[in-house]
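The structure appears right after this line, and notes come after that.
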Amino acid sequence: LRLLQFIRQQFPFQYLAQDYATGCLSLCDEISDVINGSCSGIGCCQASFPRGVRDYEISLTSYYNHTRVLSFNPCSHAFVVEEGEYEFSASHLNNSSEDWKLPMILDWTIGDHSCSEAKKNPETYACKENAICREPENGNGYLCKCGDGFQGNPYLSNGCQDIDECETLRPCSSTCHNTFGGFYCSCPKGYEGDGRRDGSGCSPIVNHHNWKLHITQTAIG
């Protein structure tokens with residue numbers, strides 16, 4: 001919380017946003033009512049975060065302080081988890097000591113400028129050689145990634161290195177030629193085609209000029 005307060009003091013313009021509230025309600029009278037794998041309101045409920053959220057707070061409230069369900073549900077849990085990565089079980093209601101490790105995705109961007117705006121200032125533009133700028137799906141700013149045919153760290157100078165597709169993908173059925181940021185396939189002499197495993201490959205060239213047509217006439221009388 002102290003770090004968050006410090007960031008807000010240093011960069012107040014980035015946090016001029018509207019507050020909102022969302023939540024869900026979970027009810028359960030008997031452990032037999034709970035359905036394993038279902039988080040639709042019986043023993044478990046879930047709410048989604050909308051796009052553009054910069055920070056969040058979670059609070060829990062219990063009717064009657066769990067006094068009516070203490071035998072199988074002595075406390076409540078709330079956590080942030082990647083969608084589809086948590087499967088609810090009735091055993092979770094009475095196992096507060098379990099060490100859960102669940103994945104959570106934190107999105108981030110650079111600044112508040114779009115790609116076109118950021119490129120206007122080469123001194124602060126974060127995408128280095130062989131990298132491309134990408135507009136984020138969530139919020140403002142931009143992100144960098146290595147272009148097609150490259151891999152590495154797009155934020156470091158020469159961080160995006162050429163991929164040798166001939167070694168990593170082996171895409172050719174015949175001869176593969178690696179190029180800077182790409183590759184191409186070729187067929188040996190006497191063959192034709194694109195030379196790709198997922199294409200037409202290589203097939204012998206048929207010389208139609210060497211064909212000879214023999215016609216025999218037979219008269220029956």
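Note that Cβ sites are derived from N, Cα and C of the backbone, with glycine treated the same way.
Keep in mind that this is a model prediction, so the values were computed, not measured.
Record features, source TrEMBL:
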type	residues	note
DISULFID	C166-C176	disulfide bond
DOMAIN	162-194	domain 'EGF-like'
Number of Cβ atoms other than its own within 10 Å, given for C176 (disulfide bond):
20
10 Å Cβ neighbour count around C166 (disulfide bond)?
17
Summarise the model confidence on the domain 'EGF-like' (162-194) as a single mean pLDDT, whole number.
93
